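Asker: First the structure, then my questions, so here it is.
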Amino acid sequence: MDYLTHKLLDPTRAKSCIQSIQRDQSLWKDGKSTAGLYASKVKNNLQLDKKSKVSIDNSNLIIKAIISDLLVKSFTIPRKVHGVMFSKSSKGNSYGMHLDNAYMSTGRSDLSFTLFLSDPGEYEGGELAIETIQETRKIKLPQGHIIIYPSTTLHSVEEVTSGTRIVCVGWIQSYIPNNEDRKILFSLDAGAKGLLAAHGQSHELDLVFQSYNNLLRRLGG
């Protein structure tokens with residue numbers, strides 16, 4: 001599995017976040033200011049001033065939710081969640097195909113995430129399009145759900161044709177930089193935890209957890 005979709009926030013918390021960041025419209029700036037040289041040419045949206053108190057406070061709440069979620073932790077093995085920002089797209093806005101920078105001022109981007117804050121019934125279009133070798137997957141998730149995918153992936157945001165799409169985006173620097181290594185560890189962790197839940201602790205399972213942690217040591221970067 002190259003990407004993870006998961007309910008991170010309940011709809012009430014997502015709505016509360018939207019109300020908070022929408023209170024002062026003067027804090028929303030041209031999104032081109034946070035894009036790289038190439039990406040800025042295809043970026044057409046608004047972003048909340050990252051230095052504002054409301055952005056910092058809500059970013060910290062979302063970072064806390066990410067690093068405390070057991071499934072997300074197992075999938076990402078996070079060293080650092082960084083570059084968190086809030087994006088707003090209204091009718092006519094889009095973000096063309098691009099690749100996230102490998103290194104940012106806040107850290108290395110191993111994984112990218114989009115947390116859907118708006119109810120999908122409140123806007124048309126605005127799907128996150130992730131390009132794979134064989135196809136382009138278009139993703140539009142329920143309110144409060146997150147998608148996490150490798151930052152090595154080309155992706156875009158389809159044009160919003162009506163309503164307003166508000167999301168939180170950011171990056172994760174993992175203890176395991178390589179995507180294939182993370183996938184192996186994720187499967188091993190899921191299998192071991194499943195066996196523990198089904199059969200309880202055993203010496204054989206201790207050996208599996210030992211191998212998992214020793215792989216973390218060997219593959220960590």
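Backbone N, Cα and C atoms are what each Cβ position is placed from, and that goes for glycine too.
According to Swiss-Prot, the feature Fe cation binding site maps to H98, D100, H155, an assignment based on sequence analysis. If you look up Swiss-Prot, you'll see R165 marked as 2-oxoglutarate binding site. Residues or ranges marked as domain 'Fe2OG dioxygenase' by Swiss-Prot: 80-174.
Please go over these features one by one and say how buried each is and what sits next to it.
Answerer: When Cβ atoms from all protein chains are considered, those within 10 Å of D100 (Fe cation binding site) total 20, not counting its own.
Shown in sequence order, K88, S89, S90, N93, S118, Y123, G125, G126 are the residues of the chain, 6+ apart in sequence, with a C-beta less than 8 angstroms from the C-beta of R165 (2-oxoglutarate binding site). A strand conformation is recorded for R165 (2-oxoglutarate binding site) in the three-state DSSP classification.
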Asker: Write out the long-range same-chain contacts of H155 (Fe cation binding site), meaning residues 6 or more apart in sequence whose Cβ is under 8 Å from its Cβ.
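Answerer: Non-local contacts for H155 (Fe cation binding site): M97, H98, L99, S112, L128, A129, I130, E131, Y149.
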